[in-house]
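Below is one structure, written out as structure tokens; the observations come after it.
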Amino acid sequence: MVTALSDVNNTDNYGAGQIQVLEGLEAVRKRPGMYIGSTSERGLHHLVWEIVDNSIDEALAGYANKIEVVIEKDNWIKVTDNGRGIPVDIQEKMGRPAVEVILTVLHAGGKFGGGGYKVSGGLHGVGSSVVNALSQDLEVYVHRNETIYHQAYKKGVPQFDLKEVGTTDKTGTVIRFKADGEIFTETTVYNYETLQQRIRELAFLNKGIQITLRDERDEENVREDSYHYEGGIKSYVELLNENKEPIHDEPIYIHQSKDDIEVEIAIQYNSGYATNLLTYANNIHTYEGGTHEDGFKRALTRVLNSYGLSSKIMKEEKDRLSGEDTREGMTAIISIKHGDPQFEGQTKTKLGNSEVRQVVDKLFSEHFERFLYENPQVARTVVEKGIMAARARVAAKKAREVTRRKSALDVASLPGKLADCSSKSPEECEIFLVEGDSAGGSTKSGRDSRTQAILPLRGKILNVEKARLDRILNNNEIRQMITAFGTGIGGDFDLAKARYHKIVIMTDADVDGAHIRTLLLTFFYRFMRPLIEAGYVYIAQPPLYKLTQGKQKYYVYNDRELDKLKSELNPTPKWSIARYKGLGEMNADQLWETTMNPEHRALLQVKLEDAIEADQTFEMLMGDVVENRRQFIEDNAVYANLDF
């Protein structure tokens, strides 16, 4: 019946004694956001990760190698693994079977207390009990001791005692649940792509584990993807560099442990200028970095400088490379596993364990140094690339000074073309990046000057995918944006200094407008990515048509809407249609009413759901390999709607 269950006879003494009980579940249904972040679509998907994380823990401990996630009819989720099966013996303190305790008591699980798992994933670690509390129905089947055990729950409450329902020659756990619509009022429908992206990431981060995702909601169109990477994060780096030109064929790869900290690093340089560094701790993407990232950067800079000087590629001490120089054109992934990870930072995605810094530094520096001496040609290319980056950095320093604002209140240094807003509260302020001066004039007249700022952009901005920072900072339009935003750029970037929490790209609904949008998004992604990650970047949706019938005006945003409206309207009185070719054709009142008024407008928020997908798409659209770009356009032309 279940493909992911194990034939292996796991006899390790993972039993009820290793399940600790800390507190009850009463609060979970009252304040679900405290436990899963939110009750939005994101929180809904978080339920799946809590169950999958438990299966990954079994795999990390060496007891499972297959996990299967199925979206069943009516958006039930089924997660199956071939681990040892959750313990079913009586848990001493509670006097109930361990599986029931795990599913009904908050923080009761093998990951608390250190007896069950050396390393466990999951940001909240709140586990199965929270999923149970927030599900209208949940069922568990445990294959253990040659017996199949079963129990069912409603909103976290057991419906009957754990019972034996059959015999088995396999081991493992099956959990089925349906999220409670009373809690998840926004949606209880799962997004296949959201699940697929994280499952692929987990397969990269846990080499050798096979994770399968299947969607059975449409019987005639069952979809399935299975991921299994023996190369782990090495394969991940190769995928990220797929559309780039690597300087060395094989990624540099290290997988070692020291002081009970497991360190896995893969790094490959390419001929481009952007740095792509992804860091993970216990499978959690540490967006804000942390001590593992610090240790890696410190070792990388020290070893490259040491090699450059000793091999005489760099002549003197004053030629030393900065950290930023050594990372130009680098794609790297750092993944550590730690028994007690400490997460800090605004979003709890920054690793705080100080001991990790030294371990990563030591393990990586020894391995990297050996690689450089064994591959002198590659080593020379990497060092020389750093030297070129250093020269560009010196040139960029001058340009960068122009863009640095002394403080968010230093209005004197703001660009002359900027029509700023009067409010000094970034949370309510928004800036519209408007294509062309003529449209800029209309938007300035039609805005709410208290909270809306306008920055007209003249002509095309630079394609940053093909340029170094010094050239980028010499581009007038880019300099004006950096100064207006107040955040700095690249290594100097500080999200807390953002002067606006909404940055709205407002371009014409034509091919040129689409190109400018792409250029701006490429710049934000490569040099101001936290703006996208924080949800500050939006795309305005100006209307494409105005349909007039008598005194009635209708603004229409795409051809589909237009066809629908035409079919619904009476033929009399006669109506006329005007197509807007550009923002400049609208007067100030029309622009305000259709595109800028928060009461009526539609804004498209730019989200970064999949780092791999985004990186490859920007490289494909804006990079040097024409053939890949042509193929991408041919494959996606049918979906393209340049009118947004």
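Cβ from N, Cα, C; glycine included.
Look at Swiss-Prot and you will find 429-543 tagged as domain 'Toprim', backed by sequence analysis. Helix, strand and coil content of the domain 'Toprim' (429-543), in residues and according to DSSP, is 56 helix, 21 strand, 38 coil.
Here Swiss-Prot flags GLU435, ASP508 as Mg(2+) 1 binding site, drawing on sequence analysis.
According to Swiss-Prot, the feature site 'Interaction with DNA' maps to LYS460 (among others), an assignment based on sequence analysis.
Using a 10 Å Cβ-Cβ cutoff, ASN463 (site 'Interaction with DNA') registers 16 neighbours. Positions annotated as site 'Interaction with DNA' by Swiss-Prot, on the basis of sequence analysis: ASN463 (among others).
What Swiss-Prot lists as Mg(2+) 2 binding site is ASP508, ASP510. In the structure as shown, the Cβ atom of ASP510 (Mg(2+) 2 binding site) sits within 10 Å of 15 other Cβ atoms.
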Local Cβ density at ASP508 (Mg(2+) 1 binding site) - other Cβ atoms counted within 10 Å: 23
Listed in sequence order, residues with CB under 8 A of GLU435 (Mg(2+) 1 binding site) and six or more positions away: PRO456, LEU457, MET506, THR507, ASP508, ASP512, GLY513, ILE516, GLY582, LEU583
Reported mean pLDDT - the domain 'Toprim' (429-543): 86
